[in-house]
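What follows is a short report on a single structure.
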């Protein structure tokens, strides 16, 4: 086993984060950055790309986008 410290940039602020049990919010540097990211997903500012947003809908499902 090596003693190399693996670190990654925080997706929000780019601060280097040690990838270990010492960093409970990894890959984020802190709870604040973690919550900012969650808020971006909740506000649909971030999304997983796909061909069409209604690919899973069929005739029996209600169109939730109209609400």
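Each residue, glycine too, has its Cβ placed from N, Cα and C.
Database features, via Swiss-Prot:
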- 10, 13, 29, 33: Zn(2+) binding site (BINDING)
* Which one, from the binding-site residues 10, 13, 29, 33, has the smallest tally of other C-beta atoms lying within 10 Å of its C-beta? -> 13
* To do: For the recorded Zn(2+) site formed by 10, 13, 29, 33, name the remaining residues of the chain with Cβ within 8 Å of the site's Cβ center, in chain order.
  => 9, 11, 12, 14, 15, 17, 28, 30, 32
